[in-house]
Amino acid sequence: MAQGLHLIWVIFCLHLICISSQQETEFIFNGFGQADLYTDGVAKILPNGLLQLTDGSGQKMGHAFFKKPFEFKSPRSFSFSTHFVCALVPKPGFIGGHGIAFVLSASMDLTQADATQFLGLFNISTQGSPSSHLVAVELDTALSAEFDDIDANHVGIDVNSLMSIASTPAAYFSEIDGENKSIKLLSGDPIQVWVDYGGNVLNVTLAPLKIQKPSRPLLSRSINLSETFPDRKFFLGFSGATGTLISYQYILGWSLSRNKVSLQTLDVTKLPRVPRHRAKNKGPSVVLIVLLILLAIIVFLALGAAYVYRRRKYAEIREEWEKEYGPHRFSYKDLYIATNGFNKDGLLGKGGFGKVYKGTLPSKGQIAVKRVSHDAEEGMKQFVAEIVSMGNLKHKNMVPLLGYCRRKGELLLVSEYMPNGSLDQYLFNDEKPPFSWRRRLLIIKDIATALNYMHTGAPQVVLHRDIKASNVMLDTEFNGRLGDFGMARFHDHGKDPATTAAVGTIGYMAPELATVGACTATDVYGFGAFLLEVTCGRRPVEPGLSAERWYIVKWVCECWKMASLLGARDPRMRGEISAEEVEMVLKLGLLCTNGVPDLRPSMEDIVQYLNGSLELPDISPNSPGIGSFTPLIIGSNPPVSPSTKTFYTSSSANDSTFVTHSIIHGDGR
């Protein structure tokens, strides 16, 4: 009898211990005024009970964890439910931010992580490492191409890596409409988030503050947490980070339970208020006003003294025939100011026709200005007419040309600024993350669509004449846009172009250019070289390599002959690769660079090949013209070093002669 009572007493004590342990990891915080949390970085609890992860400064991160670990006795009991309210508030004068994450981590010490796109979770060494023992639900408000983000407003599930195993645009399920409604994370408004785990399934649900928990989760993914946390123990908390993109990141309330049934609901009426940050606007003092008036008088006198000099400095060439192009003409003064005097700090790049600078115009926003040297007055009217016509062409995969300016011996071309630069930076710059095959193929399709429009869809046939990776720009979504139309020429459909100019870049120029001049087939040749360049991750001409690898066309053809065509692809290519697609694009590149112009496909056919609506012709490395690369060199010898070489060319159109000089670099620029 005594032994039975003793056994019952032991079982009762163990039950009390389990209940106590469970209660220690179940809580509700309607504000964090009384919460005992571990914080580091810039994270802190404000006097009103608001948990602030970041304080509006750049390149910072902050963490906040519940101090007691969440433990499970067996994988079957591996479950939890949590509910929190967050707010991401933009900082006045800044764009965006890098978002926050709800974190499950084997350790509370994440101080070795990096801010910015790493969200305070990983650094370049721990990113992707299984030893990180970390799972996160990210609310990401910045598009990071290196992590294959889908957009700049998404929710993702991360396991030891910021390359999410599942992600979707931020939204919540509307019970009234029976569909998902988009929700903006970086709005400054409080957002509810539920994270439920059980049965090896992780569910994430979002909703605005005053809406009850939707019946359908936004994101659901099978995941075995016992594999990530073999010790069956982890800490729960939050992480936030900023970079050059800055926002204020707050947690208003948080509740946690081991199951959904016992999860306590946050009382939204008790949650602390989110501060609204406004730009400081203090009225100027009397002394400051007087000083400003005196300064204005001095400046006015100085401007008056320099007026004549400045008029001469900013003098432009304006002729009668330019009146019809008035809306497309910019003043030199406006462009000079927009580019901060063509400051070298704003230099985006330089090529055969001149340098490109970044600028900002109040009416147009951010722009790119290319300064083209042009001493010849003959043919200028035709050139300007074609530039203006180019600006009238509208296509989603062409960099919009906004207009021009003429001054003395130079022409300035103004286009929209592309924030992600040119494609060649991601192909040949080791400081940039190499693109995946999927992204490369999408960019290839973008440029094919643009060229097809220029050849067949525009009012006149437009020949680009300089298709290469450095002339392919990337917009905010990393879509490919064909740019740099300084060499473009027009002609009517069904007629031959009236040009005999051999302009362009070595390796992209069709062999027949020197004899028959430019036509759509020569553009196709340049596009073929571009296909090989993007897929192989090397320039069409590489004098530094062995002789048999100099010219990409011959080298890819030789790889095909050796039954190793796939081996020609860029070895740095990330992500999953479709061998069938890669081989198709390489073969299409060889078909486009066929030495016989009549055997090259049209851009219309090329678009269908790339979209899979038309099969590639049955060709082999021994087919006529395939791999018969004869580089067009205006001179006596092929390039043997990446030194600068100058070519003088001329073209005629409408009985006018336009003389230019093109500086073509051996490195393909």
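Note that Cβ sites are derived from N, Cα and C of the backbone, with glycine treated the same way.
What Swiss-Prot records as N-linked glycosylation site, among ASN224, ASN611, is residue ASN224.
The candidates are ASN123, ASN420; Swiss-Prot tags ASN123 with the feature N-linked glycosylation site. A mean pLDDT of 92 is what the model gives for the topological domain 'Extracellular' (23-285). When Cα-Cα distances from ASN123 (N-linked glycosylation site) are compared across the recorded positions ASN180, ASN203, ASN224, ASP466, the shortest belongs to ASN224. Between the CA atoms of ASN224 (N-linked glycosylation site) and ASN203 (N-linked glycosylation site) there is a gap of 13 Å, rounded to the nearest whole number. There are 18 other CB atoms within 10 A of the CB of ASN203 (N-linked glycosylation site), with all protein chains counted.
The CA atom of ASN180 (N-linked glycosylation site) is located 15 Å away from the CA atom of ASN203 (N-linked glycosylation site).
ASN203 (N-linked glycosylation site) carries a strand DSSP state (E or B).
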